[in-house]
């Protein structure tokens, strides 16, 4: 497939206007304007060391100490992040009646905060902590109080924000950091997100694929698609013959599958969605949505 590359928005606008049931796959590039760093450079490589793996987190106390210490320092800023223009634009796309599903690889819940409702959090949500024994869950804000109680002084440390709601603590020893256990059963507590090396819950994947089957096109926003859990949906769309557009700076894993690629700020390229829609186009979108319901 020949990839059409443009530096401006008109081609993307036309792509979106042509389709009434868009399957949108979003990534870290959606949230950078909210102050949350992304993971990859323009070539798709890591900007920093790879995130912790599920196996290391579950198997090594030292890994959990390092993870939760960095999270204790970084969470307050992450938790205060607010939706930006990209999140609001995608919420507007849903309000226009053109969204089949917003499948996000992000764990920040900013799409929901902007008003999006048809959302699946592919990799979970960082604002919840889950016990790996009894499955009890608690808000991340509540767990923050436990971390600060057991580790006085750590909350006063200053460090640069990192992508996973944590902070870059490079010259700190974690040996004496206390990791609270589950108050109910004493087992390991983990953020309710999918770590590297951990499987996305099957039910979540199946729901997303069901929506993909009902879609008439795919739009990738702010993702290089280097992680297979997201890339496989684009692969499936290509096999089904769906047109695929990507809005992302730099290389994506799906470049040879795209019918359109736009390298432009997500907020700028999608700004038109927050303008009053053409009445005829809106009526047409609602008609198609009603017929396929």
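Glycine residues also receive a Cβ, built from the backbone N, Cα and C atoms like all the rest.
Per Swiss-Prot, the feature active site, proton acceptor maps to 123. According to Swiss-Prot, the NAD(+) binding site annotation covers 27-47, 105-108, 222-224, 248-250, 266. Annotation source Swiss-Prot lists Zn(2+) binding site at 131, 134, 182, 185. Summarising the annotation, Swiss-Prot assigns domain 'Deacetylase sirtuin-type' to 1-284 and lists sequence analysis as the type of evidence.
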Nonlocal neighbours by CB distance (under 8 Å) for residue 248 (NAD(+) binding site), same chain, sequence gap 6 or more: 27, 29, 220, 221, 222, 223, 224, 261, 262, 263
Among 123, 131, 134, 182, 185, which are recorded as recorded positions, the nearest neighbour of residue 35 (NAD(+) binding site) by Cα: 123
In three-state DSSP terms, the structure that residue 248 (NAD(+) binding site) belongs to: coil
Sequence-distant neighbours of residue 182 (Zn(2+) binding site) in its chain (C-beta under 8 A, six or more apart): 131, 133, 134, 136, 188, 189
Cβ-centroid neighbours of Zn(2+) site 131, 134, 182, 185, 8 Å, sequence order: 132, 133, 135, 136, 181, 183, 184, 186, 187, 189
Residue 123 (active site, proton acceptor) to residue 108 (NAD(+) binding site) - Cα separation in whole Å: 10
